[in-house]
Amino acid sequence: MTDLAADPVGGSTTEPRRPGGVTTDPAGSRAPGLLARPWAARTAEAVVSVVAAFGFALLCTRIDVNPLARVGQVSGLAMIQKYAALVGLPVLAVLLYTAYRGSVARAQLAQRLVCAAVAGLSTGVVAGGIAVALNGTQWGLGGQEGDPGNLIGMANDMLRGQGVPGVYPPGFPGALAVWSKLFYGGVGGGGYALKDLQLICSALVGPMAYLSWRLLLRPVWALLIAVPSAILFLDPIRPYSHVTMIVMVPMLAGALRELRRAHELSTRSVVLRALSFGGSFGVMFLWYNGWFVWAAPGVFVLTMFVVPWRQGAARLKRALLFLGVTVLSAGVIASPLLYQLVKLGAQAKDRYAYLPVYIDPAYIMGWASDRSGRLTYHDWPWRGELAGQSAYTLLLLAGAALALGLGLRSIAVRTVAATLIGAWLLRFWFASHLAQDKAIQLYPRTTWIILYALMILAVLGLMFAVQRGATWARTLQRVEDGKPVAGAIRPAVTGRMVAGVVCALALFATMGASWSADRYMPTTDPKAIPDGKSEVIDMGADAWRAHILVNRNGKCPKYDPAGPTDCAPVNYKLKEYNNEPDKGQLWCANVKAEEWALVCGSKRPW
């Protein structure tokens, strides 16, 4: 990888002195104490990232504003930004100080830990914003309606001993059931447990994204992928879904890297690494399996090319051993869901259409949920200037071009490209059969994984361009009298550049995280309040619903819009939704009654 990042180990000791009188002698080139050991530094990164995420989210629970009033929401978001500045500025100051005044090794260690902290703070801010949105209520986003209600129902069914929820991934409902049993008395406590898990899982997305990409990349490049993707794709209502996608891609690349170099490892090491990857894939499959479906075609083909079929029996045996143990261990762990998919998968038809189903299927640069407010397919998505494409789209495509042109030998680039191709083909396969089969089959969700792949390729393209440029610059350098010429690329210079990039990315993280949290604040649009009379439903409906349900102490939430004595009770009979018999017709949301026939191609069912 390029030098424009922190090296996991100590820096160069060849320079007798750095600008500012700071020496880089052998003693100063080593990280201090225990952190000089690679495993300790990696552990420190993980601890710092997780503590930053949880600590900041916990700090934000102390913010006491009325989240059902817009001025209260603004004050809460501003308080979060104030906390972020008070926490983040000293951290960034340490990074800048070590970059300019510290030894190379200390600067690199600071880069690692600060990058980890920024990754944690990015989604800690989002989780803190959700805590503000739910201030005064013990319920999670969504209350006991919609998808959150279905999750609570699945957890209740598990607590009643009715087993796993059909073809739905049982990981999160199972965790919800366990949490409800441990802390809220089991059935009836799922709504309170859901709030806890929404906050915990939302905060963890940033650290998990960063640490998974650290398997492949140095800190600053891992951060450049982790922070934008974590903020953009995080859905606090269902935080278990997108984190699986974010972590899955680098894990697939890591597994294929181990497959390619399995011949260099001992049999014991091959088996242990395969068990590690296979176990991780199995757990992720139970947590949310949809992303594996979209990635499967491309990754399967790539795997067949990575296996060394013609490079000798010994090399092939090690590769097949790694592949076999990985697949077997993943299959064993994922077997409960795999069994349900084989048994019931053919019967599962997705006929729920909403705004992303009605737009041009080639648009993959944005997303709208079924709580899209006043948006319609007539005015969304917004068109760019060049054949409908925006500057953002062109930048991503330019980055992807660099990645493919300069780094196609990289297993990371190949894995991401294969994932993109597989999802792209499946998207248009299902979309092209939409009118005939009257089935969606969740194809709009490929938007996320395709956009994620393009974002990754853009960062990798930038990384390879910087690496190639640094190589050319070194080639052109001339040495005079045994000393580097002015402007020579040295660790000190690249360390300062990295520090600047991290500072800019930290600012982006705070602004982007505030945008993400603001979307989930309780709705303040009178026409969008979900009281049965609303004309539209926006993303603020989920937080609003949480404020109209009774708290565990029997009292109404502090800011219940209906008053202190008029809140809805807990639905103890809540269970997994049982859909009506399949009628083979689309159900079209976000469509007015008079437009149903024009949009859905059939008469409305009422």
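Quick reminder: no glycine exception, Cβ is built from N, Cα and C everywhere.
Small disclaimer: the values here were computed from a predicted structure and weren't measured.
The annotation region 'Disordered' is assigned in TrEMBL to 1-30.
Residues annotated as transmembrane segment in TrEMBL: 39-59 (among others). Proximity of distant same-chain residues to the transmembrane segment (39-59), defined by a Cβ-Cβ separation under 8 Å and at least 6 residues beyond the stretch ends, is recorded for 8, 31, 83-84, 87, 109, 112-113, 115-121, 123-125, 127-128, 131, 199-200, 202-204, 206-207, 210-211, 214, 219.
Annotation source TrEMBL lists transmembrane segment at 79-100 (among others).
Away from its own ends, the transmembrane segment (112-134) comes close to residues 6, 8, 41, 44-46, 48-57, 59-61, 63, 65, 67, 73, 76-77, 79-80, 83-84, 87-88, 91-92, 94-95, 140-141, 195, 198-200, 202-207, 209-211, 219-220, 222-223, 226-227, 230-231, 234, 236, 502, 505-506, 509-510, 512-514, 516-518, 520-522, 543, 546-547 of its chain (Cβ-Cβ under 8 Å, at least six residues beyond either end). What TrEMBL lists as transmembrane segment is 112-134 (among others).
The transmembrane segment annotation in TrEMBL covers 176-194 (among others). Note on the transmembrane segment (176-194): residues 138-144, 148, 151-152, 154-156, 158-160, 549, 552, 570, 572, 574 of its chain, located 6 or more positions outside it, place their CB under 8 angstroms from a CB of the stretch.
Sequence-distant contacts of the transmembrane segment (215-234), counting only residues of its own chain at least 6 positions beyond either end whose CB sits under 8 Å from a CB of the stretch, comprise 1-2, 4-8, 45, 111-112, 115-116, 118-119, 122-123, 126, 202, 205-206, 209, 242-243, 245-246, 250-251, 253-254, 257, 412, 448, 451-452, 455-456, 459-460, 462-463, 498, 501-502, 505, 508-509, 512-513, 515-516. Taken from TrEMBL, the feature transmembrane segment applies to 215-234 (among others).
Residues or ranges marked as transmembrane segment by TrEMBL: 294-312 (among others).
Summarising the annotation, TrEMBL assigns transmembrane segment to 319-339 (among others).
What TrEMBL lists as transmembrane segment is 390-408 (among others).
Residues or ranges marked as transmembrane segment in TrEMBL: 415-435 (among others).
As annotated by TrEMBL, transmembrane segment applies to 447-466 (among others). Using a Cβ-Cβ cut-off under 8 Å and counting only residues 6 or more beyond its ends in the same chain, the transmembrane segment (447-466) has close neighbours at 1-2, 4, 217, 221, 224-225, 228-229, 232-233, 242, 245-246, 249, 291, 294-295, 356, 364-367, 395-407, 410, 412-413, 416-417, 419-420, 423-424, 427.
Long-range contacts of the transmembrane segment (497-517) within the same chain: residues 4-6, 77, 80-81, 84-85, 88, 92, 95-96, 99, 107, 111, 114-115, 118, 121-123, 125-126, 128-130, 132-133, 220, 223-224, 227-228, 231-232, 234, each at least 6 residues beyond the stretch ends and with a Cβ under 8 Å from a Cβ of the stretch. The transmembrane segment annotation in TrEMBL covers 497-517 (among others).
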Where else in the chain does the transmembrane segment (79-100) make close Cβ contacts, counting only residues six or more beyond its ends and a cut-off under 8 Å?
-> 20, 52, 56, 59-60, 63, 65, 106-107, 109-111, 114, 117-118, 121, 125, 128-129, 132, 492, 495-496, 498-499, 502-503, 506, 510, 514, 517
Going along the chain, which residues at least six beyond the ends of the transmembrane segment (294-312) come within the CB cut-off of under 8 Å?
-> 248-249, 252, 256, 259-260, 263, 319-320, 323, 411, 414-415, 417-423, 425-427, 445-446, 449
